[in-house]
Amino acid sequence: MRAALAPGVRLLRALPRDSRYRGLTLVLTFLSYTSYHLSRKPISIVKSQLHPNCSALGPNPHNDSNSSTWCSWAPFDGDNYKELFGALDNAFLVAYAIGMFISGIFGERLPLRYYLSGGMVLSGFFTALFGLGYFWDIHVLWYFIVVQVCNGLVQTTGWPAVVACVGNWFGKGKRGLIMGIWNSHTSVGNILGSLIAGAWVSSAWGLSFVVPGIIITTVGIICFFFLVEYPEDVDCSPPLHHVITSNEDPLSLSGQSSANHSSSPKEPAEEPEAISFLAALRIPGVVEFSLCLLFAKLVSYTFLYWLPLYIVNVAHFGAKEAGDLSTLFDVGGILGGIFAGLISDYTGGRATTCCVMLVVAAPVLFLYNHVGQNGIGTSIAMLIICGALVNGPYALITTAVSADLGTHESLKGNSKALSTVTAIIDGTGSVGAALGPLLAGLISPTGWNNVFYMLIAADVLACLLLARVVVKEARGWCGPMARKRGY
């Protein structure tokens, strides 16, 4: 089922088609997922303001008490505040993980434009609702938990939809590099979210949520008017999704001839059926990369939610300064995603690229914990390097690998698997994203060293889970017919 052509797109039909519409798709999906991450980041910045060290501000002006929690925001003013922060993170991430498996199924069967823009508007509403708790003077935990659960569910509309849209427009040729650059939206969103949230965190932290909520809602409305789901909808040629061998017909890979595209772009001869959940699991590589992402995303999201608080506690920066410094981790993530995509395109080894970066990340995380705060220069360098090594594999798996598997040659040109495969991989990864911040909240009272040991162990496990695919890639390179191939 496809939606009617977006209204704003009619204004662009007179312009050159293929490259212009591909560019439009990249820009719109980039802005969409930038705004998704922008709206997720404020909670990590605001944590240090919900439970600051009030003793540094002097005695309680209300009762002359020297209590160190008089300026904290109840219910986060108790000694169990880290556990409560972990509960907030977990409420969002568990809901996100559960919803992601369902979201991919809906994404294959509903118009992506409606699904994406509707989800963005709802995400903006619930993000702003969290911040309104400040202005409404709400101090009950259940309110913030419920808002986080609802936000986690509606935010699952984003990733399957944007990856499916990009996968519909771009073939495998330089997909790693293109999607590596495109995937910088995650880090750009985190950086902007940190800066926007930091602007109000010390004065009126509610605005740290309300402003991102308005932004994602606005971008969602723009997507509704301009996003194109399929090349055929605007008389463009669909891409080839796997390498053509000498005995294959190029037209059979795309599923339709160019004549059919030009004569009836909206009415293909036969609409392929959406793939089932179990059929998606049987695609070679889906299980391995899904489990690898579980541990890779555990590490990435622990940094996403706990890095600013770690910097405050260890380096003794203020809330705004810690939030600004934490953006360097995302700068490294941009570089890591591009590097991973470029190398994997050149070598044809997606799994090997991930494995090498994960192996190197483990000792680097150890070094950052022990020497990363020895001067501002060291801290900056280590944060960028950690960000590149941690987010590089995560970015590659959630973009190019997901698109490769969602258009795997075993599907025989059926593009109705992209959203489901993407949701399975990212949904499994989101289980790790939920576990990481939760474990960090439980472990951090015993010392930050133990948190980093947990992250290092997760990196090693992520690498081991790809061993079979890495061996397959190595055999392909060593064979007489070595060439880039799908998984």
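The backbone N, Cα and C atoms fix where each Cβ goes, glycine too.
Annotations in TrEMBL come from automatic prediction, not curation.
Note that the coordinates shown come from a computational prediction; the quantities given were computed from them, not determined experimentally.
Look at TrEMBL and you will find 21-38 (among others) tagged as transmembrane segment.
Within the model, the domain 'Major facilitator superfamily (MFS) profile' (25-475) shows a mean pLDDT value of 82, rounded to a whole number. TrEMBL lists 25-475 with the feature domain 'Major facilitator superfamily (MFS) profile'.
Proximity of distant same-chain residues to the transmembrane segment (84-107), defined by a Cβ-Cβ separation under 8 Å and at least 6 residues beyond the stretch ends, is recorded for 40, 43, 47, 50-51, 75-76, 78, 115, 141, 144-145, 148-157, 159-161, 164, 274, 277, 301, 305, 309, 419-424, 426-427, 430-431, 433-434, 437-438, 440-442. The transmembrane segment feature in TrEMBL is assigned to 84-107 (among others).
Feature annotation from TrEMBL assigns transmembrane segment to 114-136 (among others).
TrEMBL lists 142-170 (among others) with the feature transmembrane segment.
Sequence-distant neighbours of the transmembrane segment (182-201) (same chain, 6+ residues past either end, Cβ-Cβ under 8 Å): 26, 29-42, 44-46, 48-49, 166, 207-209, 211-212, 215, 304, 308, 319-320, 323-324, 326-327, 330-331, 333-334, 337-338, 341, 387, 391, 395, 398-399. Feature annotation from TrEMBL assigns transmembrane segment to 182-201 (among others).
The transmembrane segment annotation in TrEMBL covers 207-228 (among others).
Annotated compositional bias 'Polar residues' per TrEMBL: 249-261, in sequence order.
As annotated by TrEMBL, region 'Disordered' applies to 249-268.
What TrEMBL records for 286-307 (among others) is transmembrane segment. If you look at the transmembrane segment (286-307), the same-chain residues 6 or more away from its ends with a CB under 8 A from one of its CBs are 40-41, 43-44, 89, 93, 190, 280, 326, 329, 351, 354, 358, 361, 365, 386-387, 390-391, 393-394, 397-398, 401-402, 405, 421, 424-426, 428-437, 439-441, 444, 451, 455, 458-459, 461-463, 465-466, 468-469, 487.
Among the features that TrEMBL reports, transmembrane segment is placed at 351-368 (among others).
Only residues 6 or more beyond the boundaries of the transmembrane segment (380-405), in the same chain, are considered here, and those with a CB under 8 A from a CB of the stretch are 159, 163, 166-167, 170, 172, 175-176, 179-180, 182-183, 186-187, 283, 285-286, 289, 292-293, 296-297, 299-300, 303, 325-326, 328-333, 335-337, 339-341, 344-345, 350, 353-354, 357-358, 360-361, 364-365, 367-368, 371-372, 418, 421-422, 425-426, 429, 459, 462, 486-487. The transmembrane segment annotation in TrEMBL covers 380-405 (among others).
Long-range contacts of the transmembrane segment (417-439) within the same chain, counting only residues at least 6 positions beyond its ends with a Cβ under 8 Å from a Cβ of the stretch, are 86, 89-90, 93-94, 96-97, 100-101, 103-105, 107-108, 112, 156, 159-161, 163-164, 167-168, 274-277, 279-281, 283, 286, 289-291, 293-302, 304-306, 394, 397-398, 401-403, 405-408, 411, 451, 454-455, 458. The transmembrane segment annotation in TrEMBL covers 417-439 (among others).
What TrEMBL lists as transmembrane segment is 451-471 (among others). Here the transmembrane segment (451-471) has long-range neighbours at 285, 288-289, 291-296, 298-299, 302, 306, 310, 349, 351-352, 354-355, 358-359, 361-362, 365-366, 368-369, 390, 393, 432, 436, 439-440, 443-444, 487, meaning same-chain residues at least 6 beyond its ends whose C-beta is under 8 angstroms from one of its own.
Between the transmembrane segment (114-136) and the transmembrane segment (351-368) there are fewer than 3 Cβ pairs closer than 8 Å, counting only pairs 6 or more residues apart in sequence, which means the two stretches are not in contact. Ranked by the number of CB pairs under 8 Å to the transmembrane segment (207-228), the listed stretches 21-38, 142-170, 351-368 are led by 21-38.
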